[in-house]
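This report refers to the structure that appears directly beneath it.
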Amino acid sequence: MAYGKLKEFLQTELKDVREAGLYKEERFIYGPQGAGINVEFPAGAPKQEVLNFCANNYLGLSSHPETIKAAHTALDEWGYGLSSVRFICGTQDIHRQLERKIADFLELDDAILYSSCFDANGGLFEVLFKQEDAILTDALNHASVIDGIRLSKAKRYIVKHMDLADLEAKLASDEVQNARFRIFATDGAFSMDGDVAPLEGICDLCEKYDCLVMVDDSHSTGFMGKHGKGTHEHCGVLGRVDIITSTMGKALGGASGGFTAARKEIVDILRQRSRPYLFSNSLPPVIAASAITIVDLLARTTERRDKLEANTMYFREKMTAAGFDIRPGVHPIVPIMLYNAKLAQDMAKELYAEGIYVIGFFYPVVGKGLARIRVQLSAAHELEHIDKAIAAFKKVGEKYGILGKSKEEIIARYGE
Ligand SMILES: *Cc1c(COP(=O)(O)O)cnc(C)c1O
């Protein structure tokens, strides 16, 4: 039997993953996503009510009554599914409406929808760039940006993370300058550190060296910048970024769906040639219609992003004052640095027992010796939720003796 050999091989692989402590167990949530969730973990354990600090539900819209109402209405009015790709018989008026709304909100010419941002990135680069072109990419870009670039035959240059000097050195090189087209691709905000790409410096350099700029703004669309347009607004470079890809699976309702917003001809050619667009089903009408409601809401009021910003500042301030080592920044992703993998896992477990759901991250998801607990704030959180989280962090931090301790002191005690 052909499977026998593969089976044995896979069993060994799985065992290795387990032994390396990297086996991912899924946790069952009973009920909708929200600030408070009912979780069964590990499988078979009694369910527990916990406050959720690890979702990308930045604006608290994932199960917001307005989102749910819009989805119910859409289901009745536009049906459940299209059973077609967009260009055959899968385009409804709401698909086009949503594309226009996204483009207007982000202040770009046009937009094209995908089933996910993973697909948007997967279907972008190979359409635009061939052997004679150069793609520069930040070393910590998202897996889907990396995969999308891999599908293109263009020459690839990895730029040190958020390093403008390295970007300039690569842009100025003969090889890159002699390419037909150049593009620099970067995440707008990076998921592990919550650091924001220096887009003003990036745009300055790219303009100087005749290079396009692409930003994956999945962790920013809807709340970064004064009106929540994203990192291009936050960094003051509206109109200077050529291509923005993003997701509807995070702040914008959290179901699924992605898009590429870009200059007109770029969107036009993607509609003709982008493989995940041409060969995959159109976005469910429920998602398209709810997303329209959500983008309208964001265009109408900044209330939710303002609340998220206030929550983020409050948490960052109080945790810093409590003596935690926090990566400075403004993003609702707040890394609590612990450096040691076991410490991060142990503390996350104790926080869970205290009713605070957070996740410890360690190598290879983050760099060696950079283990941390990643906290994600949401507009769904009320101050009492955040206070409860801070109190739990203090209790557990005290137990482990890390409050007020420097990186060196934590490493001296727990190792890297
Ligand atoms: C989450 C994420 C994606 C994937 O988005 P989906 O719509 O879930 O496929 C892509 N890029 C970045 C930077 C992300 O954070």
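Cβ from N, Cα, C; glycine included.
Taken from TrEMBL, the feature pyridoxal 5'-phosphate binding site applies to C117, F118, S191, D216, D217, S218, H219, S280, N281. All chains included, 26 other C-beta atoms sit within 10 angstroms of the C-beta of C117 (pyridoxal 5'-phosphate binding site).
The DSSP secondary structure for H142 (substrate binding site) is coil. Just so you know, the Cβ of H142 (substrate binding site) picks up 21 other Cβ atoms within 10 Å once every protein chain is counted. According to TrEMBL, the feature substrate binding site maps to H142, R374.
The annotation domain 'Aminotransferase class I/classII large' is assigned in TrEMBL to 49-392.
For K250 (N6-(pyridoxal phosphate)lysine), the same-chain residues lying six or more positions away in sequence with a CB closer than 8 A to its CB are N56, N57, Y58, S218, H219, T221, G222. Positions annotated as N6-(pyridoxal phosphate)lysine by TrEMBL: K250.
Cβ neighbour count for D217 (pyridoxal 5'-phosphate binding site) (all protein chains, 10 Å cutoff from its Cβ): 29.
Looking at the residues that bind pyridoxal 5'-phosphate per the record, C117, F118, S191, D216, D217, S218, H219, S280, N281, the two CA atoms farthest apart are separated by 28 Å.
Ligand 1 lies under 6 Å from the Cβ of S191, H219, out of the binding-site residues S191, D217, H219, N281, R374. DSSP assigns C117 (pyridoxal 5'-phosphate binding site) to a helix in the three-state reduction. When the binding-site residues C117, S191, D217, N281 are compared by Cα distance to H142 (substrate binding site), the shortest distance belongs to S191.
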